Amino acid sequence: MTEEEKYVTTNWKEIKSTGLNLLYSGKFLNKKIADELLFRLDSEIEYFTGDLSRVKVFGKWHNIPRQQAAFGDEGLTYKFSGLSVPALPWPECLLKLRNEISKCMGTDYNFVLVNRYRNGNDYMGEHRDDEKELDEEAGIVSISLGATRDFVLRHSETRKKGSTSKISNVTIPLEHGSCLVMKKPTNHHWYHSLPRRKGCLHVRINLTFRKVKR
Ligand SMILES: O=C(O)CCC(=O)C(=O)O
Ligand SMILES: [Fe+2]
């Protein structure tokens, strides 16, 4: 098999700071596979509507500023920001990707959260993925498709009022077909967000593969 025909190519770059442990591979997915995945996820996936597309912040309900869907092994639900998300059965294209990623990482991921950002007005606010039901050892594997958007990480100390922390923020432009692995203990100490980018007119789809404890 030539390099071009391989499903994934790992060319990991380590990104480290105090309590931050990331791996990034910019051209992780084969280009043809990345293009096809983007097309399929854009046309075949039904995103949540109704209660599953809203979140409660300080007692008020808001539409989430992006579209979401979740898939996973049978019987799994995943709770985050006041939502309990039932995992729907894996679509064929995501099952294949899940299997390739699990093989590559040597870990069995059983759940994926899909976030679709229609354009630069859609975003994700600052948060940590530190839910108890996540298997920390597995980390979180984040695959990006479509428009390049900045992923911004901030240490919890620097968020505090009057902070004198010297720890710099880390910004990674996540490109089409890339893979970012958030390893332990990143999600204890660092918050991350996907800020608005007014100039961005194109769709981006992000997949976060997780291992939910049964
Ligand atoms: O879209 C992204 O890159 C961020 C996704 C994310 O943080 C999450 O799904 O928890
Ligand atoms: Fe996250």
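Just so you know, glycine gets a Cβ as well, placed from its N, Cα and C.
Feature list (source: TrEMBL):
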- PHE58, GLY59, LYS60, TYR78, LYS79, PHE80, ASP130: substrate binding site (BINDING)
- 108-213: domain 'Fe2OG dioxygenase' (DOMAIN)
- ASN115, TYR117, HIS127, HIS192, ARG204, THR208, ARG210: 2-oxoglutarate binding site (BINDING)
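Mapped onto DSSP classes, the domain 'Fe2OG dioxygenase' (108-213) shows 11 helix, 49 strand, 46 coil.
Averaged over the domain 'Fe2OG dioxygenase' (108-213), the predicted model has a pLDDT of 96. Around ASP130 (substrate binding site), taking its Cβ as the centre, 15 other Cβ atoms fall within 10 Å, counting all chains. Between the CA atoms of HIS192 (2-oxoglutarate binding site) and ASP130 (substrate binding site) there is a gap of 12 Å.
Taking CA atoms as the reference points, TYR78 (substrate binding site) and ARG210 (2-oxoglutarate binding site) are 10 Å apart. Proximity of THR208 (2-oxoglutarate binding site) to non-local residues of its own chain (separation of 6 or more, Cβ distance below 8 Å) is seen for VAL112, LEU113, ASN115, ASP129, ILE140, VAL141, SER142, ILE143, given in sequence order. Counting only the Cα atoms, the space from ARG210 (2-oxoglutarate binding site) to ASP130 (substrate binding site) is about 11 angstrom. Local packing around the Cβ, expressed as the count of other Cβ atoms within 10 angstroms, is greatest for TYR117 among the binding-site residues TYR78, TYR117.
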